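So the structure is just underneath, and the comments pick up after that.
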């Protein structure tokens, strides 16, 4: 035990030691001090005004001002985006600016832009009206010229009709009334011309027909060009129409329908000379408006470009100011002493940096009173903080996705760095596929700086974030692929000649006649002669199944050993004696013994059936198993496993009840310690939980934990067989694609069939083996770490250290 206690501490093994601090800021230096702390990013403030609404806090007006400035900056970015401009930064040409001056400038720019947009919208609307008027003049003029010619042909047909009744005039259609030779009291034929969106033409015509009961003539033609919608800034297709009708009542109906459908009506004179004169005037006005619109657009673009040079700096400044005031709102304001009181957590190593920043803030703000910084005791558990770098950050994120570590709890990420990519490679082992993954990882790492500053899609962002995980996965896949001797499922004689040869000199087909061993074993990995032999699948099944059990037992033992280090660190001797020891005995008495038998069978070449040995170890432990030389050992191991179950279940709850009773009856006194000592006690000790001790609840919890471990020892060991299953599936899929696609296509003496086979093989390899199989193996390796490994020692019920830090401000507005 002393040997383990004297081992040097690992930096990443446990979270950073935290301390609870109190800060007292004079009002004049509070803002600058919080800004400097945001630059450091190593202090997590506690909200001391949790019961207050946002509108009851001290600096609510400043937060509103920053929110209003953020709104204006969003408005500027939208305008820049609509104008098709790209915000840029001119280094060295942006002088510092105060927040008050920035607020004035933003208001001026917003007012100017709103005024320019309003003027531009009015001009654009006028331009659209003149453009539509021009198109209506052109198209409607054609309708008015060709209308009499169409009437002559239709008049001949109407002359043949016999009008027998006097009420004919009331029921006749519009054309019949216009061309009937008899007397008529109706007014002359009239028309309305205009323009409407193309998508509304059919409904518009149908509504006109129903409203006038068919007493109208509707002509339409596509407009010469699209019209810009000033609201949506999109080009809209238009259609010019002319409606011929008779009567004032029909005119009123038609105008109302035009208004309802958003159709613009324009007066077109019947005289061709007047039409030409108006057209010339409209064209002249259009040219003037085009010049005015171009000048206004250039002026607006220049203003937006000037804003674009500064918008990134202004946005960053406003976000920082808003974050500072949000943090100041978390502090208590002491009116009598004119100071702000804050509390929070910080790592112990960061105390010198924080104190230096506070001292600098006092000097820079010309404050006569310094900022008070001192440590305090805290009742709640500290947050968890691990210092990571670019390489270890992805592995820490994998662990944190399961749950944040309890304060000072052993960190699984230390071991996940190696075990996670290795277990992935066991399932994905193929050094050809591993090289493909390696190339992808190297490309992401080589373009790290460029990709890190860009906005990426979700899939590319996930791959880029795990680039170093992908790198180790690829390297281990190459290593396991060399052990399996698979290169896109093809074996190679890389490390020398095979140890097997033909049975005799007349052997022509080694796969059917069988092989005999005639030299030393293959130096590294799987002998290539196993590939394609009749015993390939049974051999690989046996090898990978036993290998999976060995890996599983090893990793589960590592998890239990880490639970011992946790118990020793927190000073919980109860967990060492009544949890760690029986768990080690139970697991290794059963599955450790199985792993030992596997190693012995590999080393001795024994033909003993391990399934038979393990089954009858439980069913008939006293029977003679023939070749089994560990008879008395397995009896002892079985008894040890049986004893370990009540050992885990009963002692701990009764001992905890005894300690609680002695503590609160005054027969045992502990030494009063600091907050750090109190935080280092075991999770279930009476020092940490001051509420009433509930023996039944503790006993049920311990019973559930013990049953879960006993059943989990079986299910978790079986779960590691997924290493064998996925490895075999990957190998067989790769073999199918190689033999049934590539070799089959290559057997044809046709270049087209060969190219098709090659393309299908490449796509199948890329999308099925390199994408789907990679994700599948990744998820299974994730499950083995979260469930089978971490449940042995990892609580994961802590909360993450989230300091006030400017660097963590997102690039997008909230």
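Placement of Cβ uses the backbone N, Cα and C atoms for every residue, glycine included.
According to TrEMBL, the feature transmembrane segment maps to residues 628-650, out of the candidate ranges 513-535, 628-650, 651-673, 674-696. Your range for transmembrane segment, going by TrEMBL and the list 729-750, 751-772, is 751-772.
Residues belonging to the coiled coil (99-126) score a mean pLDDT of 91 in the model. Among residues of the same chain six or more beyond the transmembrane segment (547-565), those with a C-beta under 8 A of the stretch's C-beta atoms are 4, 410, 412, 415, 419, 423, 426, 575-576, 579-580, 583-584, 587-588, 591-592, 594-595, 598-599, 713, 716-717, 719-724, 784, 788-794. Within the chain, the coiled coil (99-126) has long-range Cβ neighbours (under 8 A, six or more residues past its boundaries) at 65, 69, 72-73, 75-76, 79, 228, 230, 289, 292-293, 296-297, 299-300, 303-304, 307, 314, 317-318, 321.
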